[in-house]
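> Pulled these from TrEMBL:
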DOMAIN    A:4-183  domain 'Prephenate dehydratase'
SITE      A:T176  site 'Essential for prephenate dehydratase activity'
DOMAIN    A:201-278  domain 'ACT'
Protein chains: 2
Amino acid sequence: MTKRIGYLGPKGTFTKLAVDAAFNGEDKHSFKTIPECIDAVNENMIDIGVVPLENAIEGTVQLTVDYLVHQVRLPIYAEIVVPIQQHLLVHSDFTGDLSEIEEIHSHSHAIAQCHQYIHKYIPWAGIKFTSSTGKAAEIVSGSDKYIAAIGNKLAAEEYGLAIYKENIHDYSNNHTRFAVLAKEKETVHIKHAVDTEKTSLLITLPSDYAGALHQVLSAFAWRKMNLSKIESRPMKTGLGNYFFIVDVNQPYDDVLFPSVKAELEALGCKVTILGTYPVYQLDI
Amino acid sequence: MTKRIGYLGPKGTFTKLAVDAAFNGEDKHSFKTIPECIDAVNENMIDIGVVPLENAIEGTVQLTVDYLVHQVRLPIYAEIVVPIQQHLLVHSDFTGDLSEIEEIHSHSHAIAQCHQYIHKYIPWAGIKFTSSTGKAAEIVSGSDKYIAAIGNKLAAEEYGLAIYKENIHDYSNNHTRFAVLAKEKETVHIKHAVDTEKTSLLITLPSDYAGALHQVLSAFAWRKMNLSKIESRPMKTGLGNYFFIVDVNQPYDDVLFPSVKAELEALGCKVTILGTYPVYQLDI
C-alpha cells in the first residue's frame with residue numbers, strides 16, 4: 001500500500017528536499033504548520049510526518065519539541081540530517097550580472113544565513129522578506145524585474161529559475177535535522193544507509209535546585225553513555241520549571257536505559273523516551 | 001545625548017514592543033536581520049542593539065547566539081523578557097462575526113502558536129503566511145475583504161486595526177527573551193525594576209568524550225551555583241564539536257566565577273563570559 005507522507009510545506013523548501021531524498025515516490029502531502037502535520041499523523045490522515053527538529057529555515061525546533069511534549073506524544077522513528085545550501089536564484093531569462101540585481105527576496109532566516117555574501121557583493125540590493133524560500137522563488141519566476149531569490153536547488157527546479165551563484169551561505173556546516181514521526185515503526189523505510197543510532201529522552205526535574213541537572217547527568221556519565229545534545233526548556237506551566245531534552249549516542253537497550261530511568265525516577269524526575277532511532281545523513 | 005537604539009523590525013513586532021516598553025523616546029532604528037543589527041552596534045552606527053534570544057516570533061535564538069559567538073563578540077548588558085500575547089485583529093470597519101472571516105494572515109510561528117484556537121473556532125479560514133505579524137496587520141488594514149490577522153497589540157495600533165478577540169494563543173506562559181547589546185555598559189538604562197541577575201557563559205569542550213559535560217557541570221554544582229539554562233550547539237567548524245551556553249542565576253563575582261573558569265580551563269575547556277546582566281520582566 002502506498003504510504004502517505006506529510007511534511008511542512010510549501011514547495012521548494014528544505015523539508016521537501018529531505019522528504020524527496022529520503023523516501024521513494026509515495027503519496028506526499030504538504031502541511032502549512034508543524035502542529036497540523038503532527039496532528040495529521042495522530043489522526044491517521046497520514047502515515048508518516050516529517051517535521052524540522054533543529055536549525056531549520058522554515059520552522060523551529062522549539063515548536064516541534066513543545067508540541068510533541070505537550071500535545072501529541074508520537075514516537076520519533078528516524079532522524080534525517082540535511083546540509084543547508086543556499087543559492088542565488090534568478091529568472092531563467094536573466095543574462096545580466098550582479099550589479100544589475102535590484103532586489104533580493106527570501107525568508108528572513110535565509111537572508112540572515114547569507115548575510116556576509118549580500119553585504120560584500122550586493123549591498124545595494126533592497127531586501128524583501130517572504131514567508132518561505134519557495135515563495136521567494138515563485139515571486140522571481142513571475143517577475144520581469146531584475147530581482148533574485150535565495151533558496152535551494154529544489155526551489156530553482158520547482159519554479160524554473162537559474163542558479164546564478166551556488167553556495168552563498170556564510171557557514172558550510174549548517175544542517176537541518178528532521179524528525180520522522182509515525183504510529184508504527186514498520187511504516188518508516190528510508191532509502192539510505194544508517195549513519196548512527198540515537199535515543200532521545202525527555203527529563204523533567206522535580207524542582208529547580210542547584211546541582212539537580214548535574215545529578216541527572218551523573219546517571220549517564222558513570223555508565224559512559226555519551227550525550228550529543230542537551231537542551232533545557234521552560235515548562236509551559238509556569239516560570240522556574242524546566243524540562244531537558246537529552247540525546248544519547250546509542251540505541252535503547254534493556255539494561256542501561258531502564259537503570260538510568262529507574263535511578264532518575266527515584267530522584268523525583270519524570271523520564272520519557274521520545275524515541276530510539278537511526279540517523280540518516282543525506283548529502284543532497 | 002540621545003541614544004540610538006536598533007531592533008529587529010518591521011513595525012508592529014514583538015521586538016518593537018519590547019524596545020518601546022524598555023526605553024524612553026530615544027532614536028529608534030529598525031533593522032531587517034539580526035546580523036545587521038549586531039553589526040550596526042559593532043560599527044558604532046547605533047549605541048544599543050536589541051535582538052531576540054529565545055522563543056521569538058520573528059527571529060531565532062540560534063542565529064543571535066551563533067552570530068555573537070562566531071562573528072561579533074559584543075557583551076550582553078541586559079535581558080528583557082516579554083510575554084507573547086497574540087490577538088485576532090480585524091479591519092476597524094469589520095462588524096461581522098467569526099463565521100464571516102475567510103482568511104487569516106500571519107507569520108507561520110504566530111499561526112502555529114494559535115493552532116488550537118484556529119482549529120476550534122475558524123477551521124474554514126484559508127491560512128496566508130506573511131513575513132512578519134506586522135506585515136499581516138498591514139495587509140488587513142489595506143483590504144476590504146473579510147480577512148483577519150494574528151498579531152500583538154502594537155500591530156493593531158500601528159495599522160489601526162480592531163482587536164476582535166484577545167489572547168488566542170494556545171499557551172499563556174510563552175515568553176520572548178531579548179538581549180540588549182552595547183559596547184559601553186553605561187549606555188544601557190532600562191526604565192523598570194530589575195527582576196534577577198544572570199551570567200551567561202560560553203563553554204567549548206576539548207573533545208566529545210562521554211561525561212565531559214558532567215565534569216563541567218560539577219564545577220558549578222559543588223559551589224551551589226544554580227543554572228537556569230543549558231544548551232549545546234554544534235560548532236560551525238565541523239560535526240562532533242560542541243559548545244555550551246550556560247546561564248547561571250547570579251551576577252559575576254571575583255571569587256566563584258574566576259575559580260570555575262580556571263578549573264574548566266585546566267580541563268582543556270575554553271570559557272568565555274558572554275555577559276553578566278540584570279533581567280527585566282516586562283508585563284506588556
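All residue numbers here begin at 1 and follow the chain in the order shown.
Placed from the backbone N, Cα and C atoms, the Cβ positions cover glycine too.
Predicted automatically and left uncurated, TrEMBL annotations should be read as such.
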> Return the count of C-beta atoms lying within 10 angstroms of the C-beta of A:T176 (site 'Essential for prephenate dehydratase activity'), excluding that atom itself.
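A 10 Å sphere around the Cβ of A:T176 (site 'Essential for prephenate dehydratase activity') contains 22 other Cβ atoms.
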> Would you mind giving the whole-number mean pLDDT across the domain 'Prephenate dehydratase' (A:4-183)?
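Across the domain 'Prephenate dehydratase' (A:4-183), the average pLDDT comes out at 88.
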> Please work out the helix, strand and coil residue numbers for the domain 'ACT' (A:201-278) from the DSSP assignment.
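The counts are 21 helix, 28 strand, 29 coil.
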